Amino acid sequence: MRLYVALIALLRAAQTAAQASPGLPMVINTWGGPFTAATDTAYLSLVATSASALDAVQIGCATCERNQCDGSVGFGGSPDENCETTLDAMIQDGTTMKSGAVAGLRRVKDAIAVARLVLDYTEHTLLAGDLATEFAVGFGGFAEENLTTADSAAKCNEWRAAGCQPNYRAGLLVPDASASCGPYAPATPSSAAKPKVATREVELKTRKSTAYETSAGRSHDTISMIAIHVDGTMAAGTSTNGASHKVPGRVGDGPITGSGSYVDGEVGGCGATGDGDIMMRFLPCYQAVESMRRGMTPQEAAEDAVLRMIKKYPTASTGIVVVNNQGEHGGAASGWTFTYAYRGGTMNGTEVVTVPPLSA
């Protein structure tokens with residue numbers, strides 16, 4: 001019995017240590033694997049240069065954009081139904097609460113940098129589509145480039161050859177979207193012979209098993225990052241190329257303040273990843289930060305935010321990482337095994353934390 005009690009105590013101590021602050025400065029973000037290069041780059045900018053927390057988040061997210069982290073960030077990934085890659089990004093200042101974001105950015109690779117321009121040089125929060133591109137090129141001097149690569153074009157063509165399955169269409173359509181490609185139109189009563197029976201949850205399960213996502217071993221999407229400067233100032237940001245085979249024009253949670261990420265330097269920050277169409281309905285990062293304000297630990301706040309989502313959508317794939325302004329951290333997930341990475345204080349390298357999924 002004493003051995004059992006001692007073992008439980010050790011496990012609890014280990015859990016507490018895993019969530020303890022490594023010291024400041026600190027960088028923490030969604031996912032391990034290729035995403036740790038972003039963690040390291042952002043952290044080193046804080047200790048080796050005069051970078052601010054905002055600078056570090058921009059540098060970290062830009063690293064993933066350049067590296068095309070797991071195919072889910074930056075150019076050449078997650079093509080829409082038209083085989084085009086578009087980008088979403090946002091960045092937020094935890095002191096002023098200002099944020100800047102771009103959604104559906106076309107033909108410009110540097111999404112997080114354009115979001116920073118929105119933050120620094122406009123009174124707006126979000127620019128979208130072709131006019132966001134016009135802002136990036138005309139004001140920011142960014143080059144227009146084709147975001148499609150040979151790999152993303154090939155994967156999209158394979159999807160089309162498979163009858164455009166799975167996809168994000170729903171309701172009664174002609175032709176039947178569960179069996180063929182578009183263009184689609186709403187069905188009239190006389191043409192609605194066979195309703196599409198797949199629910200949103202079933203579509204999500206199917207999407208996660210598509211050849212596009214599994215053939216390359218991809219299991220991640222979106223980098224969301226929080227940085228804490230040694231002076232205590234904080235920033236957060238997100239960059240993603242969205243959902244594979246999305247309806248053109250779709251915007252997920254990535255550029256939405258409070259959903260993709262959120263930070264309040266008086267409390268802490270949060271980064272999210274997963275099914276953005278569901279997650280943006282709950283603003284999980286805003287929820288988590290406000291839960292910490294009311295006294296929850298980062299781990300409790302993360303679990304609470306995820307449980308709120310899976311109460312309504314039990315099969316949703318979600319993952320969030322939460323950190324308070326002292327650097328204590330936690331994470332929660334559903335539908336998949338999630339990981340997050342962090343580096344802080346005098347750590348010599350990035351640590352990756354594995355987060356098992358919660359159940360509704």
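Backbone N, Cα and C define each Cβ position, glycine as well.
Where the annotation comes from TrEMBL, it is an automatic prediction and has not been curated.
Over all protein chains present, the Cβ of T222 (active site, nucleophile) has 30 other Cβ atoms lying within 10 Å. What TrEMBL lists as active site, nucleophile is T222.
Cβ neighbours within 10 Å of G252 (substrate binding site), excluding its own Cβ and spanning all shown chains: 25. Annotation source TrEMBL lists substrate binding site at R250, V251, G252, D253, T273, G274, D275, G276.
According to TrEMBL, the feature signal peptide maps to 1-18.
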- Which state, by DSSP, holds G276 (substrate binding site): helix, strand or coil? helix
- Taking only the Cα atoms, work out how far D253 (substrate binding site) lies from T222 (active site, nucleophile), in Å, as a whole number. 10
- Task: Between G252 (substrate binding site) and T222 (active site, nucleophile), find the distance joining the two CA atoms and give it rounded to the nearest Å.
- Result: 11
- Message: I need the CA-to-CA distance for R250 (substrate binding site) versus T222 (active site, nucleophile), whole Å please.
- Response: 15
- Message: Between G276 (substrate binding site) and T222 (active site, nucleophile), how many Å separate their Cα atoms?
- Response: 10
- Message: On a simple 10 Å Cβ count over all chains shown, which one of the binding-site residues D253, D275 is most densely packed?
- Response: D253
- Query: If one measures from the C-alpha of T222 (active site, nucleophile) to the C-alpha of T273 (substrate binding site), what distance in angstrom results, rounded to a whole number?
  - Reply: 6
